[in-house]
């Protein structure tokens, strides 16, 4: 079972940290306010335990997702948390697949929320050819985790034969896919 442990104190302070109000403040999102143009590719700005240590033990984290036209947040999983997505600007096509392989999709507009259940494969896509989309995700964990399926499958050392058999294709096709994901 993955998830945040229950803590026995109000908050967790890393050893040697002198805390005051700034320990509980994250300024990493300020860049969004001063940004003059959207990024050219899909971009995520996170506030999780790694970036904001005060979240440790609080069972909450945050991400801001920026979607230029035609961009996608590829199929992925958060093994330790559900995700609540709020569309702030634009529109998104979203979906997840349950454990019976049933796909649930929805077209979201500005102001809509969508829940992605914990541990299920899901995605978001800005299919609008003219408008940028901007969304905020809240997670029920300080460290939701991320397993990006394309990157996990095609940018690791999983044997090409295993992938070819799994995807019912040939090794040459797998090697072509791997080239697209290599650094």
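Heads up, the Cβ atoms here are built off N, Cα and C, so glycines get one too.
Unlike curated records, TrEMBL annotations are generated automatically.
Per TrEMBL, the features are as follows:
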DOMAIN    42-175  domain 'Cupin type-1'
BINDING   73, 78, 83  oxalate binding site
BINDING   76, 78, 83, 122  Mn(2+) binding site
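Neighbour counts were taken at the CB atom with a 10 A radius for the binding-site residues 76, 78, 122; the maximum falls on 78. Recorded residues residue 122 (Mn(2+) binding site) and residue 78 (oxalate binding site) have their alpha carbons 9 Å apart, per Cα-Cα distance. Long-range Cβ contacts of residue 83 (oxalate binding site) within its own chain (separation 6+, distance under 8 Å): 115, 116, 122, 137, 138, 139, 144. Taken through DSSP, the domain 'Cupin type-1' (42-175) splits into 21 helix, 55 strand, 58 coil. In this view, residue 73 (oxalate binding site) is surrounded by 23 other Cβ atoms within 10 Å of its Cβ, with every protein chain counted.
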